[in-house]
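**Q** Next up is a structure, given as structure tokens.
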């Protein structure tokens, strides 16, 4: 499915379920990782997560589109468009849109960890973020710290 097809699908869903036209752009955003889609307030555009479409299919994508269109139409009308607003929850129920999308499975991307060791007391620190060993010292004895290992856990 490409951006033209997604634009057409969003326009059809908007007319069918909301009886109002969608007058802005709907696209896939390949950079989205943790959310099914997002409604951009400034531009009124809708961005959808391609990975959800690939993983869960068209039905889940339609649910996400309905959810984002709830944000869109309520914002355009000047009503409460945020998740906590009553207008938003009522419209979700009316169009049978999910309040939350399914969770994405844990990424198969390996977790990188860094292992540091104090030169004085031999205490080991395991960290996800790299640290500047010239700037930081051991929290126990104030000794120098050296990096002893960099591992890629999978």
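Glycine residues also receive a Cβ, built from the backbone N, Cα and C atoms like all the rest.
Bear in mind that the values here come from a model prediction, so they are computed numbers and not experimental data.
Feature table excerpt (Swiss-Prot):
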DOMAIN    7-148  domain 'SprT-like'
BINDING   67, 71  Zn(2+) binding site
ACT_SITE  68  active site
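Could you give the neighbours, burial and distances for every feature on this list?
**A** Secondary structure by DSSP for the domain 'SprT-like' (7-148): 49 helix, 25 strand, 68 coil.
Its Cβ taken as reference, residue 67 (Zn(2+) binding site) is surrounded by 24 other Cβ atoms within 10 Å in the chains shown.
Around residue 68 (active site), the same-chain residues at least 6 positions away in sequence with a Cβ under 8 Å from its Cβ are 37, 38, 39, 46, 48.
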**Q** Would you report the average pLDDT that the model assigns to the domain 'SprT-like' (7-148)?
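**A** A mean pLDDT of 93 is what the predicted model shows over the domain 'SprT-like' (7-148).
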**Q** Other than its own, how many Cβ atoms are within 10 Å of the Cβ belonging to residue 71 (Zn(2+) binding site)?
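**A** Excluding its own Cβ, the number within 10 Å is 22.
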